[in-house]
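As recorded in TrEMBL, the features of this protein are as follows:
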- S259, G260, G261, V262, D263, S264, T265: ATP binding site (BINDING)
- 1-11: compositional bias 'Polar residues' (COMPBIAS)
- 231-432: domain 'GMPS ATP-PPase' (DOMAIN)
- 1-25: region 'Disordered' (REGION)
Amino acid sequence: MSANGSTTVFTNGDAPASKKQKTGASSLHDDHQCVLVLDYGSQYTQLICRRIREIGAFSMMFPGDASMERIKSVNPKVVILSGGPNSVHVEGSPRVPEDFFGYCQQNSIPVLGICYGMQLIVQMLGGVVGSGVAGGEYGRMPILIQPGSRLYSFQDNTQPNVWMSHGDEATQLPEGFKVVAKSEQGAVVAIEDQARRIFGLQYHPEVAHTEQGTDTLRHFLLDIAGLTADWSMAEVLETQLKLIKEQVGPTQHAICALSGGVDSTVAATLVHKVLGERLHCVFVDHGLLRYKEGERVMEMFTQHLHLPVTKVDHKDVMLAKLKGVTDPERKRKIIGAEFIEVFKAFANNMEKELGHKPTFLVQGTLYPDVIESCPPPGSGQKHSHTIKSHHNVGGLPKDLQFSLIEPFRELFKDEVRAIGRLLGVPETFIKRHPFPGPGMGVRILGDVTEGDRLEVLCMVDEIYINAIKEFGLYDEIWQAFAVFLPIKSVGVQGDQRTHSHVVGLRAVCSSDGMTADWYPFTPEFLRTVSARICNQVRSVNRVVYDITSKPPSTIEWE
């Protein structure tokens, strides 16, 4: 049993082997060469994992102070030490186990340290890390690559621009290492020990601002480490179909929590391929949906995807539970708990029909959900702070009473979309913008039930999304939505003073939701949509547009 009282059929590799054996479960690293990323708290650690998969290798993330036993449990072929906000000089700062480098050398495992990870390599292997030149280097700047480097042997450009973010720097290298790149100010920004295959970068190769950064990672993984680029969604799909068939017995039934989003729908389509009529999908109308979302989603499920779906009206109960609640974490946990109560009641009704209760619950949980909800039960992640609890991870109650089937728990959003295409899910559905399980509950700041907040937000959101489609921008944007702000502003409408609601608009571009940039709408579009909102929703007299990227913000406001 997992820490939340459920048996996890598919894990993200964080659970000890003993827990997996209880269900006979398997993880994707069992069938692929694993690149293990040890997380020291960088805002870009998840992006490292994503870049590795784009290159064609399978990646996993563990906390930076994971034990040797845990590191060995996934049999890594490469280990990457991430960046982070810590300093190696601070007592108690996270580090790898003392026998880590010996283990890697004994097993011919290449190691790459990035930023803090490089400093950790230098200090732990006998070098010196000191204060950076001129207080550190930050942002985009050129570096000077030295001749004879293994790490840069593929690269013709000897002065690429890279993304720096460091205060400390290596001032004396350990024995066996050499400097292979410096900054214009003379700081050491790349090192290597070719004999031990240990490398370090004092910049972020994973971010788009670094020229040939992905090429550097590809060269390291495929040429230096000798990995095979065998990570493909077609193989993942076949693996998950096999695992579901193994885990769910021939007479057992499962419930699938459908939200109307891409993740849960693709998960339902995948599991339905194995279980057929033994899968029972539940779509919960919790009163926090978009304008006419329930009708539209049900039509899509039944007419286009041909999934067996039961719609449950839980609006009154959910809104009563949320009345007066303003803390976003508490809202998410209440919504998550109420979802489970619906599924339990549904399972009890199914027991009367079938003679036995469905014991499995299918969810569209993604790897970013797990990461952002850390530390989830048993994950052990300490150096990346909890960003928010996702209703299907951190919001699950301890007495879940279901065995979880989460086929996408180790995947990113675009990987799930690729599987959806392989399963024949219509492209119009695949391209739908993400919609959070808690719905408008995390898009209304403060008490969801106060006044006409829900009604106002639904109307504003509908106008906004329709305008995006009208201007032909929908497919260019990863996610767009409106936010209800708990403030009022003074305005003039119909020659009269008003004191009305303020709404925010958000639109971002992203590939996986882990990082995002705000979408640069034209002034014409913003003028049009603002006028429409203020004219059609009389209780709104001010519209603002969010121009914050992730990081420092999250995509959702709560």
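Heads up, the Cβ atoms here are built off N, Cα and C, so glycines get one too.
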Largest tally of Cβ atoms lying within 10 Å of a Cβ, found at which of the binding-site residues G260, G261: G260
Candidate with the highest Cβ count within 10 Å, taken from the binding-site residues S259, S264, T265: T265
Count of other CB atoms lying within 10 Å of the CB belonging to V262 (ATP binding site): 22
Remaining residues near the recorded ATP site, that is with C-beta within 8 Å of the centroid of the site residues S259, G260, G261, V262, D263, S264, T265: L258, V266, A267, G364, F435
D263 (ATP binding site) CB neighbourhood, other CB atoms within 10 A: 25
